[in-house]
Amino acid sequence: MHKLIELIEKGKPFFEKISRNIYLRAIRDGFIAGMPVILFSSIFILIAYVPNAWGFHWSKDIETFLMTPYSYSMGILAFFVGGTTAKALTDSKNRDLPATNQINFLSTMLASMVGFLLMAAEPAKEGGFLTAFMGTKGLLTAFIAAFVTVNVYKVCVKNNVTIRMPEDVPPNISQVFKDLIPFTVSVVLLYGLELLVKGTLGVTVAESIGTLIAPLFSAADGYLGITLIFGAYAFFWFVGIHGPSIVEPAIAAITYANIDVNLHLIQAGQHADKVITSGTQMFIATMGGTGATLIVPFLFMWICKSDRNRAIGRASVVPTFFGVNEPILFGAPIVLNPIFFVPFIFAPIVNVWIFKFFVDTLNMNSFSANLPWVTPGPLGIVLGTNFQVLSFILAGLLVVVDTIIYYPFVKVYDEQILEEERSGKTNDALKEKVAANFNTAKADAVLGKADVAKEDVAANNNITKETNVLVLCAGGGTSGLLANALNKAAAEYNVPVKAAAGGYGAHREMLPEFDLVILAPQVASNFDDMKAETDKLGIKLVKTEGAQYIKLTRDGQGALAFVQQQFD
């Protein structure tokens, strides 16, 4: 097993490069920016269809009334995401351009959205246009529009293919003319693509893409497809790479389209049988976080005999219950731990197999609503599938199955740690392995300094003016824990530090307001890209490492001392 993990680690640089790909990142960040639309629309789905579980059905008029906000939000999701994806990609492209010659992200957003409409929305006979492919069915077309638009803009801006106005013309007016040529070229190019496809195939670009990838969608929904997809989430995380950065953008179009398909099947009184959805990913495969670790902190608390493991279980049970499982991943650790390789990869796969069995064989309806990822797994299963009786049974069964899968491996690991505690010797081999893969080379030194410094944080304070700190993680979960710890300690010791949390990719507009940026381990691989942004603004940047980061989220004094050290 050790040799297998060493072999896997050799491919880590390649996978890290993929995870930093600006196009995959743009898709992911584009969806994050559009998440309010997705979650807002799901409220009306729950109101409209959850009562069905108790035999109550709204009248057609009320159902139409409730679903109108859904149609005007989720129903045109691709239109919004085309703009937000263009904006995210523009931010990435601007890192390579001089500060005095940047691409206007507002203009790329508008051009992308116009280009998308030309490729997805056919004119209606009575006026206006049809919206059949403006929702989840048009997501891939939205990505094409965004990518083409931003690249056209970059070529034009970089080579000064723009209209220059005299210096005495106001900057806002000059910007309009500067954007005119790239806007025109990108929209005309996309419209030309639409005319070519329409003339050749007789359908829009969006419809042709939907027809082309339909077999892929069907294959992905099979047992082999779900095994590869959800196994990859856990696999990448295990070797120290943020799996969602690679997998989520690749399947985003499928997951959100399937939610919409399932909803329409339910509305038609049919069986909602599409398995690959956002709910499957968040509440089935990653119930309690990647690796389906919901039950693991409880096992550490209840069956472990070693003091260390029991303490880790108690500290990580609450965040893991809400899908934030970094405390158990790095605290145990589970990642890069050969003992946990099998259950960490196998549990998510077994979970989705069981779910597919419930859907295909027992005729349970799959997910038809998008919910916040911090919703506890069992609750997310019940809510996302409209309170079906089978959903309660499924949630309980998955907890039992995951317990059975993890139990023997937790016992083996506990015996190992217990023996170390009895002998008074600690095996640092695994700790060193995690440090190497999560860039934790200086973790012990940093933490040691923090322990000394926190004895007299106020007395040794070197921060005399208000200092703003931004903590970034993958989704805004653990970054909130560290930001809260910092704010509490700063108030207690009267240190002028204010901390805020955010998700990497959604940080760029607020970045100029901060003096220090702290990267969580999940996004530490983006350090070089982030440094290009912070250096332009004169902002300090620091990345944290595995166990160090988790310790800082629990230790406000140590976290404050850590911040103070960055200004020494």
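Cβ coordinates come from backbone N, Cα and C, glycine included.
Remember, predicted model here, so these are calculated numbers, not experimental data.
Under a cutoff of 8 A between CB atoms, and with a sequence separation of 6+ in the same chain, the neighbours of CYS473 (active site, phosphocysteine intermediate) are SER479, ALA501, GLY503, TYR504, ALA520, GLN522, VAL523. Classification of CYS473 (active site, phosphocysteine intermediate) by DSSP places it within a strand. Among the features that Swiss-Prot reports, active site, phosphocysteine intermediate is placed at CYS473, with the record citing similarity to another entry.
Per Swiss-Prot, the feature domain 'PTS EIIC type-3' maps to 7-409; the stated evidence is sequence analysis. Taken as a whole, the domain 'PTS EIIC type-3' (7-409) shows an average pLDDT of 89 in this prediction.
According to Swiss-Prot, the feature domain 'PTS EIIB type-3' maps to 466-568.
Residues or ranges marked as phosphocysteine in Swiss-Prot (evidence: similarity to another entry): CYS473.
Distant neighbours of the transmembrane segment (30-50): 58, 63, 66-67, 69-70, 73-75, 77, 80-81, 84-88, 146, 248, 252, 256, 263, 266, 368-372, 383, 386-387, 475, 503, 505-506; these residues of the same chain sit at least 6 beyond its ends, with a Cβ under 8 Å from one of its Cβ atoms. According to Swiss-Prot, the transmembrane segment annotation covers 30-50 (among others), on the basis of sequence analysis.
Tertiary neighbourhood of the transmembrane segment (62-82): same-chain residues 30-31, 34, 37-38, 40-42, 44-45, 47-48, 112-113, 115-117, 120, 131, 133-139, 141-143, 145-146, 206, 256, 260, selected by CB-CB distance under 8 Å and a gap of 6+ residues from either end. Sequence annotations record features per position, and here Swiss-Prot assigns transmembrane segment to 62-82 (among others).
If you look up Swiss-Prot, you'll see 103-123 (among others) marked as transmembrane segment. Within the chain carrying the transmembrane segment (103-123), a Cβ under 8 angstroms from the stretch's Cβ atoms is held by residues 78-79, 82-87, 89-91, 93-94, 97, 129-131, 133-134, 138, 141-142, 144-146, 148-150, 153-154, 157, 175, 178-179, 182-183, 186-187, 189-191, 193-194, 204-206, all 6 or more beyond its ends.
According to Swiss-Prot, the transmembrane segment annotation covers 128-148 (among others).
The transmembrane segment annotation in Swiss-Prot covers 183-203 (among others).
Summarising the annotation, Swiss-Prot assigns transmembrane segment to 222-242 (among others).
Nonlocal intrachain contacts for the transmembrane segment (283-303), taken as residues 6+ away from its ends with a CB within less than 8 angstroms of a stretch CB, comprise 230, 233-234, 237-238, 243-244, 309-310, 312-314, 316-317, 320-321, 323-326, 328-329, 332, 334, 340, 343-345, 347-349, 351-352, 355, 371, 375, 377-378, 380-381, 384, 398-399, 402-403, 406-407, 410-411, 414. For 283-303 (among others), the entry in Swiss-Prot reads transmembrane segment.
Beyond its flanks by at least six residues, the transmembrane segment (339-359) meets 1, 4-5, 223, 226-227, 230-231, 233-235, 237-238, 273, 275, 280, 284-287, 290-293, 332, 365-366, 390, 394, 397-398, 401-402, 405-406, 409, 412-413, 416 of its own chain at Cβ-Cβ distances under 8 Å. Residues or ranges marked as transmembrane segment in Swiss-Prot (evidence: sequence analysis): 339-359 (among others).
Residues annotated as transmembrane segment in Swiss-Prot: 389-409 (among others).
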Treating G and I as helix alongside H, and B as strand alongside E, what does DSSP give for the domain 'PTS EIIB type-3' (466-568) in helix, strand and coil?
54 helix, 22 strand, 27 coil
In terms of Cβ proximity under 8 Å, which residues at least six beyond the ends of the transmembrane segment (183-203) contact it?
107, 110-112, 114-116, 118-119, 144-145, 148-149, 152-153, 156, 211
